[in-house]
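Accompanying notes for the structure given below.
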Amino acid sequence: MLYTRLDDLRERTACRLARTLTEGDGTPRGLAERDAAAHRYADRLAQVEAAEHGLCFGRLDLHGGERRYVGRIGLFAESAEGDPLLVDWRASAARPFYVATAVSPEGVRRRRHLRTRRRTVTGVDDEVLDSTAGPGTDAGPAGEAALLAALTADRTGRMADIVETLQAEQDRIVRSSHPGVLVVQGGPGTGKTAVALHRAAYLLYTHRDRLARRGVLVVGPSPAFLGYVGQVLPALGETGVVLATLGDLFPGTPAHAEESPASAEIKGRAAMTEVLAAAVRDRQRAPADGLEVVVDRQRLRVGPNRCARARDRARATRLPHNQARPVFLAEMLDALAAAAAARLSAGIEAGADLLGADEIEDLRRDLAAAPGVRAALNDLWPALTPQRLLADLFADPTRLAAAAPGLPAAERDLLRRAPDADWAEADVPLLDEAAELLGTDDRAERARRERGRRAEVDYAQGVLDIVTGSRSIDAEDEADPETFSAADLMDAAALADRLEAGPRGTVAERAAADRTWTFGHVIVDEAQELSPMAWRLLMRRCPSRSMTVVGDLAQTGDLSGASSWAEIFTPYVGDRWRLERLTVNYRTPAEIMAVAGRLRRDDEAPRSVRSGGVRPWREPIGPAGVGPIVAREAAAVGAGRLAVLVPTALLDEVRRQVVAAVPGATGGAGADLTGTVVVLSVRQAKGLEFDTVIVVEPARILAESLRGRGDLYVALTRATRRLGIVHTGELPVPPGPVSPRR
Ligand SMILES: Nc1ncnc2c1ncn2[C@@H]1O[C@H](COP(=O)(O)OP(=O)(O)OP(=O)(O)O)[C@@H](O)[C@H]1O
């Protein structure tokens, strides 16, 4: 019955969408309304399509006899005004499905989990929440059965949604009404990523009007991670979301070059705001011995004080560099025109001031157009792009020394970079900061747009002239009267609007392309890795501070990453941020956690929800390398996924060995996560999970960075079933319950 209703809804929505696309009364407003309606129907259709698999997964039998079905989408009977046939999992009526317990049953007598395959029910698990249900009722652990089935299924290389088995502590966070920054701290595998994505879906459902207009941004640690989680929200019917790594957040300037952790750490420091501000100030020069230019073989001079005054006046506007530039140019041209006027006057009659205001204005205009003057003024206060500012700064040790006197020379050396080198992720917050400091002098762009618009209006007028002209001819022939009414109602400007409008794209497309876009909600995953400069950028993208931030301080691997949440958020929101914790590990079985947990200093190792029955093993690497060991394990994985996690320095070498031993294996940044075997550095594996993980040379992972302990902890907690450790020397930490294996 529910699927029949879904089919019906799909058909009707598709028809409406098709009809809408052919509608529109031709006015700009009509077109905008048509666009909005079309987006609405397309979104609705996406939701209906996404609900196909597992449409209904739960049933609540309430005291008093009411029966409520819970599913991926809300469905109503066509005619009925009363209760829904199916309750959307995000509606408050569905909440007891996730939070009711025997102790606090929330009015629920029985909770049923329904398992389906395509459109057929393949099983039900019942959970009776009070003792009055009577004999004969199956009181098995329903929630647990469904949960364990989800957790022990083979991994696919793509994260799946968890609407069917969301746990009470997770549900509380998903539905939290906290309007500001919500921080979710939790150990590995506690579902932080899953919870953050489901919260996005929940917020889009609950505040659709506001959020659909501004969009939601999800920031993750790597392109591989975004590929891994990219299907979750579409599978929940939500499409108005932009997924990005930090490297994607300066549109038009991809920033994915490799860079040393040490230089990334320096770039991430909050003190870089001062360095950039100083770098911009250094590009606003007042030469100590004044300015001298030669125009038409005449030498014109502006004294040092006058130059300094021009610069100070421009700075006093407190406008960004490029917007203050016209003020500087105007001051300097005034000074140069005065110098030229004085020279002319001196030529005519010593000491007399013979030039009128108009003539001085002419002089000024000529000077402004003179190439020598333009070059000289440009040198003193150049128009700058963020890319230019940063490239010049990092390519020139003198500039950098002037802008960053507080940085030791060795650290400044680490920032050196060829002017045409590719940008790295840590450059993005600097480019963004520079864009704020520089601003854009958009007068030329506005003038261009205005000229373009005038041309459109002229063109539109021409069109109307033809139409109205043809009316007088056609009118005698009694032509189609509709042609005339359209022309009569529309003036040239309105028609120009329509010609200009063109396709506008979805909110997500527009948001992704616009550096200054501000999002309705921002989700940050693996948030412990972000530097202070990265936070500045993200805060600019979210002035409302409506954010969900998830991470684990014990997993921090980045040198500029966080060691305290308060340190990050207090400067932006004072104490208006809330910390929630997740405590149960759904990914890693107890046997693996017993090994990994030893690396955690804070006693907050999460409790595993299950044990897997397979003890982690270790094995020395023999002369044949890692290849044969991986090949043997790959055979044991079956339909699941295996990852070989290595120190960054060994990535290429181990990838070569594994690719030679296991056909189809891939590795590195371009690894195919849906393939059976991948080789990744620990950084590349952040946030991901696999059925089997083989950690190579843990001592080197530990030694590779000051945050090596966090890295090794990440590596050891990626497996859902089997963990192997292969090594040459001693194991770095007491290995815990690991079995030797040869
Ligand atoms: N309630 C649940 N039902 C089913 N699966 C769940 C549930 N909670 C978490 N999981 C699964 O547990 C795994 C770990 O979740 P997730 O990746 O969100 O954890 P995490 O806290 O972000 O981990 P890490 O910090 O290690 O990256 C995922 O496969 C996720 O689907």
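Along the chain as shown, residues are numbered 1 onward.
Every residue, even glycine, has its Cβ placed from backbone N, Cα and C.
Positions annotated as domain 'UvrD-like helicase ATP-binding' by TrEMBL: 165-589.
With a 10 A radius on its CB, T193 (ATP binding site) counts 25 other CB atoms from all the protein chains. Look at TrEMBL and you will find G186, G187, P188, G189, T190, G191, K192, T193 tagged as ATP binding site.
For the recorded site, G186 (ATP binding site), the DSSP three-state label reads strand.
DSSP assigns G191 (ATP binding site) to coil in the three-state reduction, outside any helix or strand. Only P188, G189, G191, T193 of the binding-site residues listed as G187, P188, G189, G191, T193 bring a Cβ under 6 Å of any atom of ligand 1; the order follows the sequence. Across the domain 'UvrD-like helicase ATP-binding' (165-589), mean pLDDT in this model comes to 85. Here the Cβ of G186 (ATP binding site) has 23 other Cβ atoms within 10 Å, regardless of which shown protein chain they belong to.
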